[in-house]
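A.B. asks: Features from Swiss-Prot:
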- 1315-1326: compositional bias 'Basic and acidic residues' (COMPBIAS)
- 26-324: domain 'Protein kinase' (DOMAIN)
- GLY2: N-myristoyl glycine (LIPID)
- SER808: phosphoserine (MOD_RES)
- SER813: phosphoserine (MOD_RES)
- SER853: phosphoserine (MOD_RES)
- SER865: phosphoserine (MOD_RES)
- THR1316: phosphothreonine (MOD_RES)
- 875-899: region 'Disordered' (REGION)
- 1307-1326: region 'Disordered' (REGION)
- 458-495: repeat 'HEAT 3' (REPEAT)
- 531-570: repeat 'HEAT 4' (REPEAT)
- 991-1030: repeat 'WD 1' (REPEAT)
Amino acid sequence: MGNQLAGIAPSQILSVESYFSDIHDFEYDKSLGSTRFFKVARAKHREGLVVVKVFAIQDPTLPLTSYKQELEELKIRLNSAQNCLPFQKASEKASEKAAMLFRQYVRDNLYDRISTRPFLNNIENRWIAFQILTAVDQAHKPGVRHGDIKTENVMVTSWNWVLLTDFASFKPTYLPEDNPADFNYFFDTSRRRTCYIAPERFVDGGMFATELEYMRDPSTPLVDLNSNQRTRGELKRAMDIFSAGCVIAELFTEGVPLFDLSQLLAYRNGHFFPEQVLNKIEDHSIRELVTQMIHREPDKRLEAEDYLKQQRGNAFPEIFYTFLQPYMAQFAKETFLSADERILVIRKDLGNIIHNLCGHDLPEKTEEEPKENGLVILVSVITSCLQTLKYYDSKLAALELILHLAPRLGVEILLDRITPYLLHFSNDSVPRVRAEALRTLTKVLALVKEVPRNDINIYPEYILPGIAHLAQDDATIVRLAYAENIALLAETALRFLELVQLKNLNMENDPNNEEIDEVTHPNGNYDTELQALHEMVQQKVVTLLSDPENIVKQTLMENGITRLCVFFGRQKANDVLLSHMITFLNDKNDWHLRGAFFDSIVGVAAYVGWQSSSILKPLLQQGLSDAEEFVIVKALYALTCMCQLGLLQKPHVYEFASDIAPFLCHPNLWIRYGAVGFVTVVARQISTADVYCKLMPYLDPYITQPIIQIERKLVLLSVLKEPVSRSIFDYALRSKDITSLFRHLHMRQKKRNGSLPDCPPPEDPAIAQLLKKLLSQGMTEDEEDKLLALKDFMMKSNKAKANIVDQSHLHDSSQKGVIDLAALGITGRQVDLVKTKQEPDDKRARKHVKQDSNVNEEWKSMFGSLDPPNMPQALPKGSDQEVIQTGKPPRSESSAGICVPLSTSPQVPEVTTIQNKKPVIPVLSSTILPSTYQIRITTCKTELQQLIQQKREQCNAERIAKQMMENAEWESKPPPPGWRPKGLLVAHLHEHKSAVNRIRVSDEHSLFATCSNDGTVKIRNSQKMEGKTTTTRSILTYSRVGGRVKTLTFCQGSHYLAIASDNGAVQLLGIEASKLPKSPKIHPLQSRILDQKEDGCVVDMHHFNSGAQSVLAYATVNGSLVGWDLRSSSNAWTLKHDLKSGLITSFAVDIHQCWLCIGTSSGTMACWDMRFQLPISSHCHPSRARIRRLSMHPLYQSWVIAAVQGNNEVSMWDMETGDRRFTLWASSAPPLSELQPSPHSVHGIYCSPADGNPILLTAGSDMKIRFWDLAYPERSYVVAGSTSSPSVSYYRKIIEGTEVVQEIQNKQKVGPSDDTPRRGPESLPVGHHDIITDVATFQTTQGFIVTASRDGIVKVWK
């Protein structure tokens, strides 16, 4: 006993790969293990990886067909079970050598997942246990029993979704208790001897002996698959419950099984109970659940559904039932195959997710609470997608999600599950993703407040090496992110090290701790660890401080340079940081970098200490004489702060005070305020005696009167003298020989003071000219004194500016992409496209003369001479001399609106110059033919004229379009006031041979057109419908488009008709409906054929005129929205609708052409902004019913009217808010109910504003035409019906904030009533006998309704 073989020994043992020779759809990948029962392999299929289980057929008489049918039935029953993964296919292949089972491949089963990092935490264990019970419940409800639930058959995806697989209904239900051969053969495939089989499935071996007569042969298996004995015992639900309980117990004991075979048999007999294993389950609710599930008596075990109800709020949190299970189930559907789609869906739902998962967390709860809030389950979904994301926007969205969720997650989740993926993103191919990953990593690590034992070396061994390459990244944006975050990274790394050290010290001081030997050794010496950390960070900081891009250095200084000082300590802050920062002042071309230095130096100096003042003094002085005034302001602020902190020695303070005092008269307001701030701080720092003895002498020249409270800013500001004029200051500062200028100004000052008897005029004519210019700009003696006070600053600044110009010539470009026109001596030119009032000619002449002297020859070759009109041009002999005297030569207005002088003679002129002016460059005018004019014009002027003409045309087109939109009318001929059609049939037209799809009326209502599935378009004369003529036949028929014509529309303000067929053809037809004796004609003008695979056929179309464009807008079945410009035969715009929202069924365009709205087969109404071609909003019908027809509301600009499938519902939606405002309900069903006992729908709608009281005509599948009075709904009525319809009434009510007008049938009276008015004589019904497909109106001498139906009939009513 126990040694018998569980199967017939095969004559030939084949490898699992050999069975794939006859299978063409599957390619062998690798073996997943083999047992005597099954050989298991992984194979490749076009839809992904699959698991193939091969059963080698040794006995041809086995009834495999019945097993196959059973598996097929099981697959059908489990079709809707989202936590079950049955075999998708069962086949007998390989020349009947084997039977094969196929199912989707999932990488991990629960047995593997329990022992795989990152280990499952408590909330994940609960979630998996919850799903196991849910899967069992999903299987049991349709009558399926598993038969072999074990950890190897519970698959767990990368996002912790449980799939119960390998349903084993074909395995024996009962096993002999005294022979393990059958158990080993069928159930112990892992060879672990672990047993999950319910004890009642083991029976006395004698039962088998009485039925089997083959016991004499010891090689015969006790259980024969070919006999009927396996069907004797039916699998019970309680058996699966026991197995599931064993799996849940193993899950919560971290892989310790409840039973092996011998223990289970002992448990069956009451000789064993797994109390020791159950006590390892810490949670009381789970332990109680498992104990009930593994009860020895099957009757004492409950159903899976009962356990789920029992443990709701106990073992399983309420959020599993209310949110997580339904939300996570959507990702298990086939529609969510893309990782990018999952991330975008989660980002969209993030607010709702956090509200559901974290809304119960209160501020007073402990810090441990977030670990149990279920967010980790969502994190597993996010992290499972990260490595397979394709698009960079999805990757950025994923990083954004991590950043939002990180503050609500525990430490181990952040370190074990989030950090590795962030380091993965730091190697992404897109620079923006690398940069954002680094920022996110820094912020996530900063949230870690404690360090687990296994992560004590995470920074030096994992994080810093993982991002080290980013400091030398090719993309500046990545290095910028590194510089921005390295201070926080260093600070967090130091905190990690200190937390570890503190934890070790606490453990050493704890005498009861048994882990001292394990902890103190690996950590090593704190100083050694700190030094290694300093070296790693220092290497990257030095790399960033030496970066070729200044913006990287600037970012490093602006983002935590002081924190880096604290990290490195005083010595390294001085040796590493300060020494590199000083070099930034050598860059004379980037004042932003110099300014950032002074912004950052205060924090560094404060940490290094007052010893640095001697080093910083020349740097600060250099900042006070910088060429850029913004840098001076920042230097003043830095000095003020350092003085406040006591970082400046007193001699240095007075020295700086003498340098800064002249700034009190600087023309820059910020500099003056900065100087005042420094002076007031110094006054507070020194004694009163020093204020008046040492500080006041510096201030006296710049204040109007003596003051006492120098330390108050407002007081000092109120007594300051007027600053130097900005124009005088700038002119003097820009002069080339500023030293000689100040020498002469000093001599003039000495003369005023009486030190010199006389001051001779300057010998240098340039200085004389400069002085004359300054005096002409209003320089007074006080201004001269202030300039002399600023002498040292101005000379240094002048020299600094000269150095900048010199350096700019040494380099190709001081800044990439920047051209300094001022440095190159180029004067800008501009032409106003809008005419302004002309200046007097004499002023304009002076301005042009001044500018022309600086214009080079290349500029002249482009624009011609800049000689003003009053300059003597090359005048021909005999020309009017008044031109010279008045300065007004003959002028002509060019087509572009530019005034240009004209020459009137072909002779070569003389070259002349202006009197009392420096000679200007002469310009010769060209020789031209007699009796013509020569316009002195060059290439740039020609292009300028073309630009102006183009702008004028564009402006004119926009003005026309605006006028058209402002004057847009809903319809050219609205129904007459008080129009209420009586339902009298005027014309019955049966020319079409198949369903009529659409009716359209021309703008002036003289024609209306119909299109049909018979491939024809028929044009009819509206005038003939009044009954004054004998015939009402169509005047034109067009049938050359091919296919079934699905839609058509008239072009605004014309007799052009656009039609579209289901064969992809779109044609524009011209209609000549002339009066007699000429016969009407129709001919095609333009056409295009759409790609049926890419676009599909057109489902709806509209036309509108936008002034510059005549746009035919059409929507296709594959989601394309195209605006075809009929004037240029090209597309004005193209929009792409996402087919996830359903196929487009109809669309409508705003009357002002600002937006359009599309309706889909899934009930979605999506709006697009037509100006920017961007989606605006999207709203969905509550029942997701198909949108059959859309129309804009005539009064409310943001409303659309939508006819939807079922209940004859027509609703008016506010697309701005997504609210359903008004509903017409012609159905016996309760209003706004999502149930649809009435299948009838509205197929055609017509709406008119009707002088502020809008009316609506609807018609559809119930073959009735209804007139809806939207202002007075009670006045609505049925215009015409298919038969003698019962009378109806209309009532208004408010339901859930929506105003509903419901049609209710009146009760029929028993006998005939003479009081009931009749709409017409008692005759055959004149209404339609098939679905009405469309409705329209036209006006001649009275109003008419025209309807069409699916049987090809067109009827006209009045």
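Every residue gets a Cβ built from N, Cα and C, even glycine.
How buried are these features, and what lies next to them?
C.D. replies: Outside the repeat 'HEAT 3' (458-495), and at least 6 residues removed from its termini, the chain residues within Cβ reach (under 8 Å) are 415, 419, 423, 426-427, 431-432, 434-436, 438-439, 441-443, 445-446, 448, 451, 529-530, 532-533, 536-537, 540-541, 543-544, 547, 549, 551-553, 555-556, 559-561, 563-564, 566-567.
Each residue of the repeat 'HEAT 4' (531-570) gets a DSSP state, and the totals for helix, strand and coil are 33 helix, 0 strand, 7 coil.
Counting residues 6+ beyond its ends, the repeat 'WD 1' (991-1030) has Cβ neighbours under 8 Å at 972-973, 1036-1039, 1041-1050, 1052-1055, 1057, 1059, 1061, 1069, 1071, 1073, 1080, 1082, 1244, 1333-1342, 1344, 1346-1354, 1356 in the same chain.
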A.B. asks: Within the repeat 'WD 1' (991-1030), count helix residues (DSSP H, G, I), strand residues (E, B) and coil residues, in that order.
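C.D. replies: Per DSSP, the residues of the repeat 'WD 1' (991-1030) fall into 5 helix, 17 strand, 18 coil.
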A.B. asks: What are the DSSP helix/strand/coil residue counts across the repeat 'HEAT 3' (458-495)?
C.D. replies: 35 helix, 0 strand, 3 coil
A.B. asks: Per-residue pLDDT averaged over the repeat 'HEAT 3' (458-495) comes to what?
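C.D. replies: In the predicted model, the repeat 'HEAT 3' (458-495) has a mean pLDDT of 94.
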